[in-house]
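Asks: From Swiss-Prot, for reference:
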- 29-394: topological domain 'Extracellular' (TOPO_DOM)
- 33: N-linked glycosylation site (CARBOHYD)
- 33-63: compositional bias 'Low complexity' (COMPBIAS)
- 66-165: domain 'Fibronectin type-III 1' (DOMAIN)
- 176: N-linked glycosylation site (CARBOHYD)
- 212: N-linked glycosylation site (CARBOHYD)
- 278: N-linked glycosylation site (CARBOHYD)
- 322: N-linked glycosylation site (CARBOHYD)
- 336: N-linked glycosylation site (CARBOHYD)
- 395-415: transmembrane segment (TRANSMEM)
- 682: active site, phosphocysteine intermediate (ACT_SITE)
- 1107-1130: compositional bias 'Low complexity' (COMPBIAS)
- 1162-1188: compositional bias 'Low complexity' (COMPBIAS)
């Protein structure tokens, strides 16, 4: 036997002897099973020690032999010796005991791993502890391998109890961490397991760090894995980025020591697509092409590849030219082409790999451009250039003379007006003063330092923003610093702001108005010229000069100047983005009347109406000039609307951009096209003001050009007012808001859009993905995850810290302020609702404490009490609920059709204060008997709240989830549709998820909201308006139709009003034609149905037409009317079979669409004979289970008939009804086509002779007023019917209905 094998056998024998001595010292021996391998010389019997507790009086044995330390380490680490041959494995457990120095016992701290913006903190690691330093009461598995002959020993598959390893010791560091392969987005590496594992290695943590950003990947280890080399590929990395990689092993208890750090840079990625800016004919055989450098590339651009081919052919020619990343544009001439041919050209950039210099990384190709080569094109281009120059010269001369003429006209008008009007009066409708400002083409790419700033395509903007966020937002810092440095210039003076008499008009000393763009006030009689000052500047919008006026929050001394500016500049919209007081400091003074009328200088301001919403308030103000001579066809009174955003936090930026985007869109759209600029102000008129203006401009740029250029536009408008977008945080918020706007699209939907989108599954799926994009981290739900609070949570829905409801804390009791409840906003208030779970037995008092603390007088309970886990949590008549501070008593109970109302009173124990509470219990929400019941329930809740509106509405369902949030959303959207005529389902759903993640489980939850909204009646009257009376009739009550109100008060010319009136008359004519067509259809339908019924009666040996068929027929399309029972007159014959028992069809009442599906399914199955067996089977099929509609959206749904739960229908005449329905539906389509043609002819006639139609429409309506029916069906775009007659027909045959539900 070779010498090394002798040594290995001796070492194994020595190990067994040492363990036997330990067993003798402790006077206890526990034999273990030995290997039954036939190749083993003899089975081993190894002793182990029993557990020793801390209370044991005997001292543990001390082993200090250095040789034992080394040999035991070899045993614990089975990979210490793997060479050998011929041995089969033995694996045995050893219970070892030694004394451990308490000074060396340190708990291994877990590394603090943050998100993409946090760094890994260096933690103290325990020192290397020899493997012999093991404690009692811990089982250490020791795999043993023997050697004999020339065979290789293997370890057995036994699974030792690794969980018993001492928690104080961790695995050593992984060894030989090596990089194997690198690409642009991945790094492949390998490493060996730790030498000292100290337990079963459950896996590895792979940390990848670049700058301040740390990511971690988990590599799980298989249960019985004995791999000596681990491979892993890091993916989704950034191209051309330096990464540092560290690997740590971990067991089920602890994380091990870090490996040696290794640094690696990823490879470059492909550049983005260049943009071809010029493609022209150079000669009849050559083309000139010019392109712009890609806006995104890594390291450098080494060359370009130009692909050319004849249009329509597959073969192409590649041309490669060297390039430099410093060149913004590149041009070349493509020669040797064919005359009179079309060529397709595209360009791509490429760079060499930094990992493998021989490898080429090709970027994206530009969009293909097509050009035609023509003879003599080289002669045409100089002629075009010369003509262009001559044209420019002519235009320049024309502009100069035109300007000179305009100046003369203005001077003559000025002298004439001074002569005609007294000097003590102002002058009406003077043109606003728009001074000349430096013009900058901000859409052209610019070079700042070594970087190019250009517009970004919409489809790549999210990626662009993500790159700016990388490395701790370093990209934003560089861009904002470039803007700050460039906009500091002495070339833009502010001399008027520094005038001694004007300094007091500045709220802040450093916020002044540039002279070249400031707003000039018209001088008053006897006023000095330098007193035309106000701290305000004209600011450009997107493709519109002087679209905005940016100004500071008015001071009391400047109220008169502010309102003079509003009047003189024809301002219709004021945007205010600040509160009067923030953080205890005065930010703006109240420059409008609190109620009634206030006079500021020569302008009188009257508050007409104030509409308060959750995030902003709209005020309607009437302004009147007191020193203006009223001229013919001119008003001295105008309406101005103030949009006041009230939810901008005192410090920083809003939590989410959706409310801000909605505010920007609505306030900007309210400004009439022919009105003056929008006045925007915050406190200083620079930070939030600039954010608003940039958002509005970029939203319009996205809509018109599908590109975004925040950098260029902000750089442009900063030359018009200083410090716009005042902080880097606001600059970042701008980009994040635009990313959200691009992802969500237009979310304010009209009623007809809600109807269309409720059946658009791809749209709902995409919305759902965007809604649940936010995933909370531990810091967001820290209170909910505390151990003391975990028993207060029913499920996995937790409140976010910033929106959770707080209880009055109890001194010295941790977690006493926690309840699983969240604040949700409604249409009116930010804290309109409290959504919470069904109280558990140990949280009932917490629930009533919450009601008491927050003065909630309305509780809506949506969970049922069927389950024992969801028991009653309110007091009954005999047993009140008492706490240290209050007592809850039951008052009375009222049963309604779909819900139960209970009244309670909460009395204070310390004083006489008491709080009345009404609980509305509706366990069937939202699957009530019919849609009208849904809205009746909502109206009842809001009527209660209008009477007692001191606190929020508490909404309770089982887990505080989808049911409760659906109620909040529907309640808010119903008011929004009444006020704004739009519904923003996406905004409510996403903000609810952000405040209470997990409430939406699928896109079907979002579909439920759309389904309910689609049946929203128009007379909910949920708004409780606070309109103030006025002295003129046209604005007695303000309405959301801001444009029409502005038009009626002199801010828009009369021809616009006339156009609106003409359009209204046209709509009346169309409605009249629709009514006539519907009457004709009804008459034809009745005649056809009578004829069909008569034919059926003659051919079918039936005693009578079953009257129970009438309700079913009323659910068919509008052309199918109920059959008249009087039409069946044929007497029965002797051979008439016995009538079949009536077939009961169960109609679930979950939604009208489900009802339509069941009716249509019944009609579809009518072709097959129905037997009593099948009828009974159909009758008993799960009457309470909702059915998912599978029919196309064209199937008509009848809200008025959805309340019928069950119908009894016989089989007689069923085939005839089905055939007639198909024929009549085809006839209806023909009638609708004829109606559309008549409407088109009417439109053409109106466009030709609008005045004639205007005069005749009144007579036309009067002549037909007496002939119109009292209730005629209205056919909508989706073939829905709303007809009281149909409902009455169904009610007439109520005796034929078999109500089952």
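Using the three backbone atoms N, Cα and C, a Cβ is placed for every residue, glycine included.
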Asks: Give the sequence-ordered list of residues that share a chain with residue 682 (active site, phosphocysteine intermediate), lie 6 or more positions from it, and have CB atoms under 8 Å from its CB.
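Replies: The list for residue 682 (active site, phosphocysteine intermediate) reads 553, 576, 577, 578, 587, 588, 688, 689, given in order along the sequence.
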Asks: From the Cα of residue 336 (N-linked glycosylation site) across to the Cα of residue 278 (N-linked glycosylation site), what is the distance in angstrom?
Replies: 19
Asks: Sorted by position, what residues of the same chain at least six away from residue 336 (N-linked glycosylation site) have a C-beta under 8 A from it?
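Replies: Non-local contacts for residue 336 (N-linked glycosylation site): 285, 286.
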Asks: What's the CA to CA span in angstrom from residue 322 (N-linked glycosylation site) over to residue 176 (N-linked glycosylation site)?
Replies: 42
Asks: So what pLDDT does the domain 'Fibronectin type-III 1' (66-165) average out to?
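Replies: Reported value for the domain 'Fibronectin type-III 1' (66-165) is a mean pLDDT of 37.
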Asks: Enumerate same-chain residues with a sequence separation of six or more from residue 176 (N-linked glycosylation site) and a Cβ-Cβ distance below 8 A; give 'none' if the list is empty.
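Replies: In sequence order, 190, 191, 192 meet the Cβ cut-off.
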Asks: In DSSP terms, helix, strand or coil for residue 176 (N-linked glycosylation site)?
Replies: strand
Asks: Where's the emptiest Cβ shell within 10 Å among the glycosylation sites 212, 278, 322?
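Replies: Checked 212, 278, 322; of these glycosylation sites, fewest Cβ neighbours within 10 Å: 322.
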Asks: According to DSSP, does residue 278 (N-linked glycosylation site) sit in a helix, a strand, or coil?
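Replies: The three-state answer is strand.
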